[in-house]
Every structure is written in C-alpha cells, then in structure tokens.
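Right, one structure below, let's go through it.
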Amino acid sequence: MNNNIYEDISKRTQGDIYIGVVGPVRTGKSTFIRKFMEKLVIPNIDNEFKKDRTRDEIPQSGSGKTIMTVEPKFVPADGVEIKIKDTVSLKVRMVDCVGYIVEGALGHEEGGKQRLVSTPWSQEAMTFEKAAEIGTKKVIKDHSTIGIVVLTDGSVTGIDRKSYVEPEERVIQELKNLKKPFAVVLNTLSPKSEETSMLRSELEEKYEVPVLPMNVVEMEEEDIEEVMEAVLYDFPLTEIRINLPKWVEGLERNHWIKSSIITTLKQSIIDIGKIRDIEGIIQGFSELEFLEDTGVDNVELGEGVINIDLQTKQDLFYNVLEEKSGFKIEGDYQLLSLITRLSKVKNEYDKIESALIDAKIKGYGVVAPSLEELSLEEPEIMKQGKQYGIKLKANAPSLHIIKADISTEVSPIVGNQNQGEEMIKYLMEVFEEQPADLWESNMFGKSLHDLVKEQLQSKLYTMPEEIRVKMQKTLQKIVNEGSSNIITILL
C-alpha cells in the first residue's frame with residue numbers, strides 16, 4: 001500500500017476525507033462504496049465495535065436496472081478514524097446518493113407514475129426524481145470534501161449507454177462549477193477492451209478530466225490508490241518551483257535567459273489551476289530553443305507543489321561566457337586554459353588594485369613588495385663605539401602609480417570663416433542631441449576620437465628615456481632616504 005497517497009490526501013483535506021460518490025443512477029456508486037469500505041476502511045479500524053457497526057452500514061448494491069439507493073446515506077453515519085500502517089491517521093466518511101435518473105432505470109415509478117417520497121428537505125412529499133436531484137446536489141455541495149464520479153458504459157446494468165449521457169454531463173459540470181476536486185471512474189465489465197479504451201478517450205476529451213476504467217465489483221487496493229491519486233491531481237496547484245543550472249541562477253535577473261524563462265512561465269500559468277494541468281507549463285518551456293530538456297522532477301501532492309527541472313543546451317554556457325567576457329570559448333579545454341591565464345592575471349591585479357584606486361582618487365598609489373620579492377644580502381658585522389652588531393640589508397621592488405592628467409587639442413583647418421562657423425554649428429547640434437556621437441564625427445577621413453587619441457599617445461610616448469630613468473632614481477632616493485623636500489627644475 002502506498003501510504004504517501006493517503007498522507008497527501010490528509011494534508012489537502014486537513015485530515016477529514018468526506019468522499020461524495022455521485023453520478024447517474026445504476027452506475028455502481030454503492031458498489032464502489034462497499035469495495036472502498038471493505039478494502040481500505042474496515043481493515044484499518046482498531047475498535048471492533050465500530051468495525052462491526054461500520055460493516056452493517058455499508059449500502060446494498062446489486063446488478064440490473066432497479067434503483068437500490070432511495071436516499072442519500074452517510075457511510076458510516078459518523079466519520080470513523082482509521083490509521084493506515086500506523087503512520088497516517090484519517091477521518092473517513094463516504095456519502096452515497098441516489099443519482100440523477102436515467103431512462104431505462106426501474107424503481108422510481110409506481111403504476112406508470114412518479115413515486116412520491118418524504119425527505120428532510122421539505123414538509124411535503126415530492127417525486128422520487130426531484131428528491132434524487134436535490135439529494136445529489138447536496139452531497140456534491142455540502143457533504144463532501146472530494147468527489148468520485150461513477151460512470152458506466154451500460155455493461156454492468158444492461159441500460160443503453162446513451163441514457164447516461166445527459167445526467168453524467170450535469171454531475172460533472174456541477175462539480176466543476178463548485179471547483180471540488182474529483183476523479184472519474186468508468187465502471188465496466190471489460191476495462192481493458194478496445195471499445196472501453198475508445199470510450200475513455202472520448203470522455204476525457206469531452207470533459208477534460210482523466211477517466212479510470214475499472215470493474216468496480218473486482219476493485220482492489222491498488223485501484224483505490226489510483227482513484228485517490230487522480231483526486232490529488234485535481235487539487236489546486238499552489239506553487240511552482242523551477243530548478244535551474246547553478247550558473248543560470250548566477251545571472252542577473254534581467255538577463256535574456258532568465259527573462260525568457262520568467263515570461264514563458266507567466267504565459268503558461270494563465271490557464272492553469274490544477275496539478276494535472278502541469279503539461280501546459282512543460283509544453284511552454286519546451287518551446288524555448290536554448291533548453292535541452294524540460295521535465296517534472298517531483299510533485300508534492302500533499303502541498304500542491306510542482307518541481308520542474310530545466311536543462312540548458314551544452315553550448316549555451318560557453319555562449320554566455322563569450323557574451324560576458326568577450327573570449328571565444330568552444331570547449332572545456334579552452335575554458336581551463338583561459339581560467340588558468342585569468343587566474344594569473346587576477347593574482348597580479350590583486351597586488352596593484354588598492355594602489356590603482358588610490359591613484360585614481362588621490363593621484364598617487366603605492367604597491368608594497370610581497371615577502372617573496374624580498375632579496376636579502378649577506379649579514380655584516382658592524383661596530384658602534386665599543387659594541388658590535390649585525391647589519392641585515394634587504395632590497396625589494398615597490399611600484400608607484402602616479403596619475404598625470406594629459407590635455408590635448410585638435411585644430412583642423414576647414415577653410416574660410418563661414419565654413420568654420422558651419423562646422424562649429426554642426427558639432428554643437430550633434431553634441432546637444434547625442435554627445436557620444438560627437439566623437440564619431442568625420443574629420444578628413446578620421447573620426448574625432450581617432451584624432452584625439454593620436455594626439456594623446458604622441459604626448460605619452462614623447463617623454464625621453466633618460467628623463468624616465470632620472471624620475472625613477474629621484475623617487476627611489478626620496479623613498480629610501482626619507483627626504484621631505486624636493487626641488488624640480490624643468491628646462
């Protein structure tokens with residue numbers, strides 16, 4: 001026995017499982033209740049007195065066309081608590097009803113006229129058919145937390161299948177209107193026949209609900225579990241959890257991959273309300289070209305939660321890496337090589353990062369040497385007065401980053417005064433509308449950006465080598481000798 005099914009049902013109904021068994025008359029509703037009680041409920045009642053009383057309250061059932069149930073009946077009269085395999089506690093009560101009258105059924109007329117019956121719903125007697133309808137509606141609306149609709153192909157009663165169509169349509173529509181979770185059982189003497197399979201497909205397409213063909217008289221525990229699982233799938237869907245590859249989770253929320261997934265999910269859930277509608281979501285995701293596989297990882301029926309796995313295509317990871325980094329990567333071997341190189345670069349950058357920030361903000365930054373860069377000379381004995389000591393000398397490179405603002409100007413000759421004014425006017429218009437486009441303005445076959453860049457580079461590389469060496473020595477002397485004053489003469 002699958003305890004999880006009953007545990008999940010218990011969660012969704014807060015432990016009280018009131019099952020309304022409804023449908024047209026002469027479909028096998030009472031038989032379904034009898035088999036349900038015999039297979040699941042009675043064996044799990046601990047109290048022997050309650051067990052005997054419940055057995056006595058099981059409704060009569062029989063074959064043929066004669067209506068056996070004449071009024072709604074609670075089985076047992078009070079909800080009975082059962083414990084399944086000492087793990088799941090449930091309070092169970094089933095509700096049997098007469099059902100909607102079908103043409104060809106017997107027992108609702110006397111002498112060619114409708115039988116009059118007394119009911120708790122009216123002080124006056126009413127026709128059997130009217131009482132049956134009121135009772136059926138009350139079972140559906142007021143006395144059940146879940147529903148089991150029992151239909152038939154007519155083989156169990158000898159009544160023509162066409163006679164059942166109109167009343168079964170009414171029952172299913174009423175359950176849908178009330179949004180009660182329910183399952184549909186097709187009672188037949190030949191559940192595995194081709195004709196039954198065709199009827200099942202026809203009913204599923206017509207009512208848009210799963211239909212379970214079975215011979216109710218021969219129903220076993222496994223069949224009951226299948227019916228209860230079908231009911232669970234008819235409960236509302238409360239939460240959808242999407243499992244993505246970890247690298248996708250690391251992308252920013254507005255990245256096109258995440259945006260596509262979120263948009264698809266929003267579009268897919270518009271018409272989804274029940275757990276069994278999950279195929280609509282799966283279908284929506286399967287249309288995303290960058291996904292390799294989409295599937296349901298797990299369904300937590302007791303909570304109404306569905307976990308969906310989304311697997312991306314293998315090359316998507318490399319495409320996104322290229323998009324983010326600018327490096328062309330076509331496989332793991334290239335990725336490993338790139339990571340190795342970038343790791344070395346990062347280690348070097350980490351050393352100068354702080355100094356670089358200081359240079360940008362304050363104009364000057366220093367990179368202190370690491371322990372590995374220290375170079376020790378041989379120790380020397382030194383004399384100071386009458387005492388002796390040891391002199392230890394160490395050398396290490398330090399980096400000094402200085403910010404020097406470079407200014408330049410471009411003064412192209414464009415012709416006479418009018419032409420110069422026209423050029424100024426044009427450049428001002430571009431600057432006001434789209435400042436960034438100003439740099440792309442064409443000047444004698446080159447963009448303004450290229451002209452300025454050439455001027456800046458020319459200034460950077462015109463500093464003579466000997467001047468650079470002198471500046472280095474000067475800085476070295478200031479650092480080592482601690483001079484706080486410097487006189488600079490530029491010639």
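Cβ from N, Cα, C; glycine included.
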Quick test of your reading of Swiss-Prot: among 73-101, 334-362, where does it put coiled coil?
334-362
Chain residues outside the coiled coil (334-362) and at least six past its termini with a C-beta under 8 angstroms from it:
318, 321, 327-328, 370, 399, 401-403
Averaged over the whole of the coiled coil (334-362), what is the pLDDT?
90
Please identify which of Thr27, Ser30 has the densest Cβ environment, defined as other Cβ atoms within 10 Å, among these binding-site residues.
Thr27
Under DSSP, the motif 'Walker A motif' (23-30) has how many residues in helix, strand and coil?
2 helix, 1 strand, 5 coil
